[in-house]
Amino acid sequence: MGRPPPCAIQPWILLLLFMGAWAGLTRAQGSKILEGRECIPHSQPWQAALFQGERLICGGVLVGDRWVLTAAHCKKQKYSVRLGDHSLQSRDQPEQEIQVAQSIQHPCYNNSNPEDHSHDIMLIRLQNSANLGDKVKPVQLANLCPKVGQKCIISGWGTVTSPQENFPNTLNCAEVKIYSQNKCERAYPGKITEGMVCAGSSNGADTCQGDSGGPLVCDGMLQGITSWGSDPCGKPEKPGVYTKICRYTTWIKKTMDNRD
């Protein structure tokens, strides 16, 4: 557990890229909660939102008083993190906005190829510590990998319709289940690594544009970071794909310990 997948790009992956086999997939920049509903306010106290000015770019997950996990493809030159938010149109009592001090992508993440979703994970170090409480608190990292069929919660401010985009004002939640690795690989042949996990539902509940970097939480433990999926979103046979946290716990903890 905690050992990341190998970094090397296999020759067959390069062949697939050359042949255009990645067409129809999207790395959701900023990725929605389809077939969900408004979350109970502050029921996801670890939920973070990444902003450039007033523009929402991605979700994130608070994992320490100065640390947020998100997707590596969400990295920007200058941006901030909002915590304790529910409605994006009004200021919530626990809401706090903190500037990003450092963005640390996984060392194996491939910035040069936007269609390579491997190792899509990044730690953000905040300039100041968050004020923690019942409505703003870190989530626990999963010690074990998720089980097939396990029920999980996804959340975000991403679009609630696809392919047409319609962004909600409030945080949305939906329930999904963990898919087997075989089912995941059948949905996306040749594109799933051991550092990814799929989750979805028969009604099409899914993450989408605006949700990238947000949490997949199962039994109160962080099991995934929203990474990529099909376009349009919400196809039951094409589940959302998440960076599998249990494969990166060693890197996460080591990175945080070395910079605290």
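Glycine too: its Cβ is placed from the backbone N, Cα and C atoms.
What Swiss-Prot records for 1-28 is signal peptide, and it gives sequence analysis as the kind of evidence.
What Swiss-Prot records for 33-257 is domain 'Peptidase S1'.
Sequence annotations record features per position, and here Swiss-Prot assigns disulfide bond to Cys39-Cys173 (among others). Mapped onto three states, the DSSP output places Cys39 (disulfide bond) in coil. For Cys39 (disulfide bond), other Cβ atoms within 10 Å of its Cβ number 19.
Cys74 (disulfide bond) falls within a helical segment according to DSSP. The disulfide bond annotation in Swiss-Prot covers Cys58-Cys74 (among others).
Marked as active site, charge relay system by Swiss-Prot: His73 (among others).
Neighbour count (other Cβ atoms within 10 Å of the Cβ, all protein chains): 18 for Asn110 (N-linked glycosylation site). Under the heading N-linked glycosylation site, Swiss-Prot lists Asn110, citing sequence analysis as support.
Per Swiss-Prot, the feature active site, charge relay system maps to Asp120 (among others); the stated evidence is similarity to another entry. Cβ neighbour count for Asp120 (active site, charge relay system): 27 (other Cβ atoms within 10 Å of its Cβ, all protein chains included).
Following the DSSP three-state reduction, the secondary structure of Cys145 (disulfide bond) is coil. The Cβ of Cys145 (disulfide bond) has 15 neighbouring Cβ atoms from other residues within 10 Å, across all protein chains displayed. The annotation disulfide bond is assigned in Swiss-Prot to Cys145-Cys246 (among others).
Taken from Swiss-Prot, the feature disulfide bond applies to Cys152-Cys218 (among others). The number of other CB atoms found within 10 A of the CB of Cys152 (disulfide bond), across every protein chain shown, is 22.
Taken from Swiss-Prot, the feature disulfide bond applies to Cys184-Cys198 (among others). DSSP classifies Cys184 (disulfide bond) as helix under the three-state reduction.
A simple way to gauge crowding: the CB of Cys208 (disulfide bond) has 29 other CB atoms within 10 angstroms, across all the protein chains here. The disulfide bond annotation in Swiss-Prot covers Cys208-Cys233 (among others).
Classification of Ser212 (active site, charge relay system) by DSSP places it in coil, neither helical nor stranded. Summarising the annotation, Swiss-Prot assigns active site, charge relay system to Ser212 (among others) and lists similarity to another entry as the type of evidence.
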Requested in this report: Find the shortest Cα-Cα separation between Cys218 (disulfide bond) and the active-site residues His73, Asp120, Ser212, and name the residue that gives it.
Outcome: Ser212
Report summary line: Other C-beta atoms within 10 angstroms of the C-beta of Cys58 (disulfide bond) total 31
Query raised in the report: Between Cys233 (disulfide bond) and Asp120 (active site, charge relay system), how far is it from one CA atom to the other, in Å?
Result: 19
Report summary line: One of the disulfide-bonded residues Cys152, Cys173, Cys184 has its Cα closest to the Cα of Ser212 (active site, charge relay system), namely Cys173
